[in-house]
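**Q** Let me give you the structure first, and then I'll get to my questions.
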């Protein structure tokens, strides 16, 4: 029984989903200018659950549709569906249950806009990216990255309903950070795993354009990212504490991206990939801490 539960747990890509729902949680905290009301706490908790269920469902559908590809790649050849621990119909039913629960929670007890945006993001990743973009273009990560960048807006929507223009603008800034972060994050992994992608006929940028070109693109997007991460300060959403942290995190990421250029180093690409995960977690954590510090300063003064 425990082994079977673990198989279903693995279908949800728990580590990936954890980062997704963390950014959604930060979006919730940043959306509330003061102390949250009882209604906001309830909406936030149920929204968090609904977003997590949808992300888990998207991960399961991705594994269902990518089973043949996963079987050809060392990184994914262990997945439950690939090795026969679960059957395709079981994965389909599992994902369907998760989607039903997610949409029921978000529609009935959170708000309609969160449900619509969450479902749109799910389709964007699980179907449009997985079935079409991933297999058709080397810009798959760039175009499809929007679906994966949406969680902060989903979290923001859960507690505000995105009822004002300011809500849309501020939530969009958080989405923009993840959107621009996505290409250097995945391309670093793709450099390290490019033989796997080539074997599976997936046109990732290092496969179609080479490592050197991909490294230059990683640097370009990291430079853009270092600018985009300053926008929350420019708009007044975040303050000096976040600014200092963002500058340090950006400087380190830029060093990784620059170091990746000459000479192209596969092992260093994997280190860059690892740092990119730490980077995003830390950046959003500092966004949240900065928000709390500013709230504390407001109430103390």
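Each residue, glycine too, has its Cβ placed from N, Cα and C.
So Swiss-Prot has the following annotated:
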TRANSMEM  16-36  transmembrane segment
TRANSMEM  41-61  transmembrane segment
TRANSMEM  93-113  transmembrane segment
TRANSMEM  114-134  transmembrane segment
TRANSMEM  141-161  transmembrane segment
TRANSMEM  172-192  transmembrane segment
TRANSMEM  217-237  transmembrane segment
TRANSMEM  238-258  transmembrane segment
TRANSMEM  273-293  transmembrane segment
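Are these features on the surface or tucked inside, and what touches them?
**A** Same-chain residues lying 6 or more positions outside the transmembrane segment (93-113) and placing a CB less than 8 Å from one of its CB atoms are 8, 11, 42-43, 46-47, 49-51, 53-54, 56-57, 60-61, 64, 86, 119, 122, 157-158, 161-162.
Taking Cβ pairs closer than 8 Å, the transmembrane segment (238-258) reaches residues 184, 215, 218-219, 222-223, 225-226, 229-230, 232, 268, 271-272, 275-276, 279, 282-283, 286-287, 289-291, 293-294 in its own chain, all 6 or more past its ends.
If one looks beyond the transmembrane segment (273-293) by at least 6 residues along the same chain, the residues whose Cβ comes under 8 Å of a Cβ in the stretch are 19, 22-23, 26, 29-30, 152, 174, 177-178, 181, 184-185, 188-189, 192, 229, 232, 238-239, 241-242, 245-246, 249, 252-253, 256.
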**Q** Please determine whether the transmembrane segment (41-61) and the transmembrane segment (141-161) are in contact (criterion: at least three Cβ-Cβ distances under 8 Å, sequence separation 6 or more).
**A** yes
**Q** Under a Cβ pair cut-off of under 8 Å, which of the recorded stretches 16-36, 141-161, 172-192, 217-237 contacts the transmembrane segment (114-134) most often?
**A** 141-161
**Q** Which residues of the same chain, at least 6 past either end of the transmembrane segment (217-237), have a Cβ under 8 Å from a Cβ in it?
**A** 30, 169-170, 173-174, 176-177, 180-181, 183-184, 187-188, 205, 243, 246, 249-250, 253-254, 256-258, 260-261, 272, 283, 287
